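Visitor: Here you go, one structure.
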Amino acid sequence: MMAFLKSREAILGGAILVLLALIASRFPGFIAPANLARVFTDTSPLLLLALGQTVVILTRCIDLSVAANLALTGMVCAMLNAAMPGVPVIVILAIAVGLGAIMGAFNGILVWKLAIPPIVVTLGTMTIYRGIIFLISNGEWVNAHEMSAAFTGFPRASILGLPVLAWFAIVLAALFILMIARTPLGRSFYAVGGNPHAAVYTGIDVGRTQFWAFVISGALAGLTGYLWVARYAVAYVDIAGGFELEVVAACVIGGISIAGGAGTILGTILGALFLGIVKNALPVVDISPFWQMAISGAAIITAVAFNARSAKAKGRIILRRAQAQGAQA
Amino acid sequence: MTDASNTRHIPDRLQSNAARILKSWEVLLVGVAILIFVANSFASPYFLNAWNLSDATFNFTEKAMIAFAMALLIISGEIDLSVAAIIALASTAMGAAAQVGAGTFELVLIGLVTGLAAGAFNGVLVTMMGLPSIVVTIGTMSLFRGISYIILGDGAFRGYPDGFAFFGQGYVWWVLSFEFVLFAVLAVIYYVVLHRTNFGRTVYTIGNNATAASFSGIRVARVKFILFLLTGLMSGVAAICLTSRLGSTRPSIAFGWELEVVTMVVLGGVSILGGSGSIPGVVIAAFVMGLVTFGLGLLNVPGIVMSIFIGLMLIGVIALPRLWAKRRA
């Protein structure tokens, strides 16, 4: 019990409650269930991407291409819908997840087979995926009137009072908690990030595990791409620009160690919620939305400084995957 | 860039100097640069024009100034993703000062000091608190640009003094712009510092093995702190040039430049894992990126499509030698 109270997740959860209490003391309407549901729905895309990013960071990698992947998949779905309005949503969902996974797999293959540092790979694919959006769309927008009602209605359809978008976030978060804790793949993410040498000796293929992390991250980005475009009923080249850093921020605030191998899905969920609440609260408490960027920056720095204090000194150096690769060869 | 991994092996027989030079990364890059140059001069009749080429240098001079310092930082095993945000912060500080009537000299001083202060902030967090630089600088990236947004919102600073225009728009002699001359001078200075001084050797030592470096009496934290200061300072210099060239400051100034700077450094043959790389490589990479952007621009290729080329180049130049090495092995 005491251990739980001292954990990062409990402290972050406490911080969120304090934050909510502070806002509610002046604006009680903010914590009305309907508004909290709205805030959660608004945070769902961030949460979905952060789940995938968590797995990637656990294996000592980073995926900076998620926002570009989201935008490209979203554009493909929107153009498909505009050209063939008859295609059912379930097919579009499958295409979104599949296309996202393929883009993730491309990152993963480069990291796995060619041992190129993930930050370089995803930096490159990020610009490539964005560029492809321009090529296929000619820089034009797909607007609401070109999309079918079924296409845009799906993420907003209400089940038990919550929109489908929010249900996706809830169900996938639950699945990820199970997957991370209860499946061999989930445990191997920790093993690979915690100690790649030891992982190799226990028979885990480090590169292959990292590959699957990228595929998962890509598939989630693809799924979110469709949901995003349908929810906002518009697709263009720059949607979700810079979102990849917000996603990494959610993970870091949630206590996922950038050195790999440490952190929990619950932490990531709380990290994403924290950013989502701040973002939605600013206009309510009448602070200019221009403060949001500086606040999330300060939150990242505070969180990482705090995590470093609570974690035992491991003396690890970032960007040092080379030894792991050496052990693998 | 050396091997795919950081494993060093001792060859049976030393390669001859000529063979080593011919096989080096820099020569490969020069080849690429010449190819692009020739292709461009065939593709567009406007390419081989002294003034056009001079204009083209503005595509890379400011980014390259930061890339020099970033190269040292990455060789030492750290990274700074906040450089573009430092430009925004320094530019905002200069703009605010210009509003209250600061002269050119004061503006330059303010730009440099803001850059140094931001670099020092990163340096303190990374070297004194032992935090991973990639997370710290993702945080300060939001923080610095966020401060810019708080001050400026959706507004802009204009009205810089007349003398200030020289740094971004002035010419030293005929087609030689001040920026290009500054770029060349800085290239020489960084070359000497990295390749001809003790300090430069310690940067490599730290990047190859920080533990061994500190056991051999190198003050690792201090050297890294100096490198963060330098990167901040160079961002300040770039901020002065860019602000002077644009004549106005918006909070979105230099958005996304951090990735272009890192791309330039990696393209220049600096290992993202630290420990190897050279300034001539970065200089040639700057020219390659500048020529590609300029040549495609003359052919009316939109900027976003150029970014596909940059992304492909980044992955390609790293992947191809590794693929080749794999085939031979």
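Yeah, the Cβs are placed from backbone N, Cα and C, and that goes for glycine too.
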Visitor: With the ranges A:9-32, A:57-80 to choose from, which does TrEMBL describe as transmembrane segment?
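Guide: Going through A:9-32, A:57-80 one by one, TrEMBL flags A:57-80 as transmembrane segment.
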Visitor: State the non-local partners of the transmembrane segment (A:115-136) in its own chain: residues 6+ outside its ends, Cβ under 8 Å from one of its Cβ atoms.
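Guide: Contacts of the transmembrane segment (A:115-136) (Cβ under 8 Å, skipping residues fewer than 6 from its ends): 56, 61-65, 67-69, 71-72, 75-76, 79, 103, 106-107, 207, 210, 214, 237, 244, 319, 321, 325.
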Visitor: Verify whether three or more Cβ pairs under 8 angstroms connect the transmembrane segment (A:211-235) with the transmembrane segment (A:87-109), leaving out any pair fewer than 6 apart in sequence.
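Guide: Counting Cβ pairs under 8 Å, at least 3, so yes.
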Visitor: Under 8 Å, at least three CB pairs between the transmembrane segment (A:211-235) and the transmembrane segment (A:290-308) (pairs 6 or more apart)?
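Guide: Contact between the transmembrane segment (A:211-235) and the transmembrane segment (A:290-308): absent.
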Visitor: So which of A:157-181, A:247-278, A:290-308 has the most C-beta pairs under 8 Å when paired with the transmembrane segment (A:57-80)?
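Guide: Stretch with the highest Cβ contact count: A:247-278.
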Visitor: Looking only at residues six or more beyond either end of the transmembrane segment (A:157-181), which have a C-beta under 8 A from one in the stretch?
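Guide: Non-local partners: 37, 40-41, 43-45, 47-48, 51, 54-55, 187, 189-190, 220, 223, 227, 231, 264-266, 269.
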